[in-house]
């Protein structure tokens with residue numbers, strides 16, 4: 001196996017021992033998304049809280065039989081790419097995040113080295129033009145200009161965004177400290193439609209029971225509470241949480 005990658009400018013990028021490449025070494029690491037936050041996120045995802053979303057996305061990939069390459073944008077600790085690659089092993093998965101901590105965790109969790117993990121910058125994807133057949137953007141930011149550049153002809157963009165009911169129990173308890181008390185995803189959808197035609201739309205929702213451990217992990221991982229003083233809120237009666245998302249399937253205009 002090669003232990004480094006070289007680009008056409010002759011820059012060299014070493015393959016880390018856990019099986020990932022840092023293609024954005026100059027990027028400043030995000031403060032709120034530290035190693036602990038990704039470990040908590042992994043606990044929640046592996047516990048099945050987002051299983052309905054995983055299954056819906058997997059069904060979309062199954063219906064895209066001709067698609068060979070899949071790019072997971074802002075993959076975090078890599079849950080979706082790992083699980084989807086196990087199901088759709090005939091497809092080649094590339095997954096990246098701006099956080100080095102998250103990609104280290106993702107690569108360590110991928111014992112089969114089946115996914116191509118890399119630290120990357122959404123503003124400048126280190127990928128060839130027209131090289132990706134499917135882009136997955138699951139609860140992550142978007143750069144539609146870059147998406148279109150790397151998407152092949154007839155490629156699909158699958159974007160998962162929260163609905164107003166997502167984590168509504170947490171939002172209600174933290175309402176006094178939230179600047180945006182009533183979330184709406186309409187601006188996100190409108191921005192999507194400026195660049196992509198929506199060919200299909202799916203809504204996924206489930207209610208999940210919380211143990212003391214999963215409640216602690218969920219509260220620690222959600223960006224909703226990054227700037228909330230959690231110790232001022234009594235969370236003991238938070239025993240259920242709603243997971244709700246809209247899945248947009250789009251093609252470039």
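Each residue, glycine too, has its Cβ placed from N, Cα and C.
Residues or ranges marked as domain '23S rRNA (guanine(745)-N(1))-methyltransferase N-terminal' in TrEMBL: 2-25.
The feature Zn(2+) binding site is assigned by TrEMBL to 7, 11.
Residue 78 (S-adenosyl-L-methionine binding site) has a Cβ environment of 28 other Cβ atoms inside 10 Å. The feature S-adenosyl-L-methionine binding site is assigned by TrEMBL to 50, 77, 78, 166.
Residues or ranges marked as domain 'Methyltransferase' by TrEMBL: 65-158.
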| remark: The largest Cα to Cα distance in Å among the residues 50, 77, 78, 166, listed in the record as binding S-adenosyl-L-methionine, is 21
| message | When secondary structure is assigned with DSSP, how many helix, strand and coil residues does the domain 'Methyltransferase' (65-158) contain? | response | 26 helix, 32 strand, 36 coil
| Surrounding CB atoms that lie within 10 Å of the CB of residue 77 (S-adenosyl-L-methionine binding site), all protein chains | 29
